[in-house]
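Chemist: Marked as transmembrane segment by TrEMBL: 12-30, 57-79, 85-104, 111-130, 150-171, 178-203, 215-235, 247-267, 279-299.
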Amino acid sequence: MSQTRGKYDFCIGLVLAMSSSIFIGGSFILKKKGLLRLARKGSMRAGQGGHAYLKEWLWWAGLLSMGAGEVANFAAYAFAPATLVTPLGALSVLVSAILSSFFLNEKLNLHGKIGCLLSILGSTVMVIHAPQEEEVETLNEMSHKLGDPGFVVFATLVVIVSLILIFVVGPRHGQTNILVYITICSVIGALSVSCVKGLGIAIKELFAGKPVLKHPLSWILLLSLIICVSTQINYLNRALDIFNTSIVTPIYYVIFTTSVLTCSAILFKEWQHMAADDIIGTFSGFLTIIVGIFLLHAFKDVNFTLANLPVSLRKDDRVANGSLLSTYDCFNHDEESSTCIGELQSTESLSARRNGSLSAF
């Protein structure tokens, strides 16, 4: 019965996590569409301090969609392991990228399409090999977990490292080193996920009619969550304000997910009873998602499609074989004529220099 219940909760958590990614990914598109409509009307833009978006129903639809996504994500931690829920957050990036290509006319190049495919494959592998965490159904059991010496040491190290980064390293290097603010967000995020997990258990007990509001751990977890989330938002906004979003997003995802996996492994002992193939599969899926997110973000401004691939290969083959381009080859293809003329001129110039001709200069 317990095993059947565990599989049922796992499926609920999986559906909630995927729904969260869809809602959050779609929220960015709705907000962007609303802001673009306001720009076409000539209203003052949000980046210039305008607040006309508060009258735009598409913007509000995006806000509600994001709220629904966050609620679904919050609920997912109450049913499924954090090792599964957190990496699936990458799907919101994919949903946003795919929908923007349809509704915002933003081109998704070949690297982006490969990145989306790799992230989906990596997520699938992680779902198949996801670990089963130890059963924690009451706040009393959660308090014993939080009091475990291993987790106490981990939480203490996180707090010390965060304070050093905030008060010592941040003021000196935060404006120039992208890792400073992102590391603060990521390691604090590991604690916030643990708080969310505990509050999820408290909410399940509350619906079961238990007096969880009288339990001091409920209020400690709520206060800790507010502090952690406020710190994350503050320093993530600083990182986004200083550095390029396409660089911040993949780095933050990797460090944050790694921190959560480490915290979850220490707190819930998720890896203790895993077989070797499941451990390898989980890490392989996570690394595949990382590569996919990197391809999606790092090359999103590169205009490269499948149509460009044969042309590039032909040029590479010509260079590799050392063959000189003939005039017929150049002018036989109109779209490549300008490129070929430049290559002919550079080839003739190089040949003249090798022969010692002054006309090359």
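Keep in mind that glycine also has a Cβ here, set from the backbone N, Cα and C atoms.
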Chemist: Is it the case that the transmembrane segment (215-235) and the transmembrane segment (178-203) have 3 or more CB pairs under 8 Å, with pairs at least 6 apart in sequence?
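Modeler: The answer is yes, given that the two segments have at least 3 Cβ pairs within the 8 Å cut-off.
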Chemist: Do at least three C-beta pairs under 8 angstroms join the transmembrane segment (150-171) to the transmembrane segment (57-79), pairs 6 or more apart in sequence?
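Modeler: Between the transmembrane segment (57-79) and the transmembrane segment (150-171), which are separate recorded stretches, there is no contact, as judged by 3 or more close Cβ pairs.
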Chemist: Please give the sequence-distant neighbours of the transmembrane segment (57-79): residues at least 6 beyond its ends with Cβ less than 8 Å from one of its Cβ atoms.
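Modeler: Sequence-remote neighbours of the transmembrane segment (57-79) are 9-10, 12-14, 16-17, 19-24, 26-35, 37, 85, 89, 92, 193, 196-197, 199-201, 203-204.
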Chemist: Using Cβ atoms and a strict cutoff of less than 8 Å, what residues sit near the transmembrane segment (12-30) while being 6 or more residues removed from its termini?
Modeler: 58-59, 61-63, 65-66, 68-70, 72-73, 75-81, 84-85, 88-96, 99-100, 103-104, 127
